[in-house]
Amino acid sequence: MELVKVFGGGRSRSGVWLLVLALVVGFGGHLCAADDIVHDDTLAPSQPGCSNSFVLVKVRNWVAGQEEPEVVGVGARFGTLITDHEQEAHNAPLAKLDPEDGCTDSNKTLVGFAALVRRGNCDFTTKARVAQKAGAVALLVVNDKQELYKMVCSDNGTFQDITIRSVMLPKAAGNNLEDALNLNEEVRVLLYSPRRTLVDIAEVFLWLMAVGTILSASFWSAWTAKEAAQEHYRRLKERPEAPAEHMPVEEGDPEKENKDVIDINVLSAVLFVLLASAFLMLLYFYMSAWFMRVLVILFCIGGFEGLQTCLVSLLYRWFPKAGTNFIKLPLLGSVSVLALCLSPFCLAFTVGWGYYRLNSYAWIGQDILGIALILTVLQIVRLPNIKVATILLGCAFFYDVFWVFISPAFFHESVMIVVARGDKSDGEGIPMLLKVPRLYDPWGGYSIIGFGDILLPGLLVSFCLRYDWTTRKSLLRGYFLWSTVGYGLGLFLTYVALNVMNGSGQPALLYIVPCTLGSVLTLGWWRGELKSLWFKGDSLEQFTVDVARVHSSAGSPPD
């Protein structure tokens, strides 16, 4: 069913650009797990005894015999690397050094204790040597900010003498431990860094969600194109003065009649990537709490449009009269009764998610709105041929790789990963992501995939199905099956790389584009159909004329 049948001529058209904007905002998603456990910073000084990777460390703590919530810190570049085996060790009592900054020799021994010091006044390595000389078995450094800071070594030195395990704690967690010590309560700590599970069920669910969304959008897009062609043929049949296949394209052109479909051209494909890069930089430099609220509002608007469109299209089959009766409303124009009835539910669902978005269960609502938005965008935005697909996906390929892997050379950190995690917005990530909580990961967190990693390959897969239907190809001899298999394989390879890299964020398009676009181009060249794919694509005019000829020879109208 065409969107124009549901909303009227201008209603859905007004929401198209909001959806496209949401597509651009979520254009460059990458696939990643929770925060990286291990991070090897090549820019940090590396000398003998100071070459550890920066490892996230869990700090179990007990105050007056009662276990408190675990604290997460980051291990130092120097000293003994903290591993999962530490969990088997006994916890150690915690005490403050004297003096408390740990910059000069301690006035008291701390044999068997873990030492707590404040950051500042001297190097981290100096604090570690002072604590180690006092007999401490571990060093906890309280940062002066809530963010974690990497404890590195000074230049031109050797640090092989430092063997004490050292961890940087965020300000709030360190203050809580220090307050307990000031009240003369017994505090005990245990440091360990558990390994991630090799495969988490969240990755399976996310894979199924992504592939299922693309399949649903592809069949919806192809079915809509088929209905548009059949409707065009019926209109041509009503003109007896000329055979259907000889009618001018300008008269009843299905592409022109369906104003709710946007075909991407070469220029817009290139501008798309440039605009996405500009928006990503804007997020990186100016991300804040208020900026995040703006993104949430944009996502809610797009999610509302998407959810309403999907529900109306689904329920239209059971309530055709409500879907074809229209009411004129101020500013909105003609709106179907069915859409009007569903609007309160969609609005309540969207507003409810926006209000409760920080709760642990909010990912369910975010995924529902996100999938609905993706389905609607893939219904509205289309690729006309493989030429445009190659330019769009090729640019997106280099875009994803640059902002994940190459950007640290210019910004000292991966811009894409920082934006996706929400490092500069109090930990709240951008909502243009599908995410599933990692149920069996000791570190928790989410497996996430950006909208761009579904939308862009989805445009190609949808095109392949329309092309197969247009040229009446079988499943095996067509391109839809192999592009779908390629997408599933590319996403699987991304998960493999994700686990091999110990949770470090991966640009999914690095693996998906060669498996999808590469498969289609290779098959097209092998079958001698690349020229047709490259220039003609899934032209509805060709489909309409072909349908007309088939049914004229059969002497019956299309079903």
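We count from 1, first residue shown onward.
Keep in mind that glycine also has a Cβ here, set from the backbone N, Cα and C atoms.
Unlike curated records, TrEMBL annotations are generated automatically.
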Where TrEMBL places transmembrane segment among the ranges 204-222, 508-526: 508-526
Predicted model, mean pLDDT over the domain 'PA' (92-177): 88
Segment-segment contact (the transmembrane segment (361-381); the transmembrane segment (443-467)) at 3 or more Cβ pairs under 8 Å: yes
Contact call for the transmembrane segment (266-287) against the transmembrane segment (479-496), three or more Cβ pairs under 8 Å: no
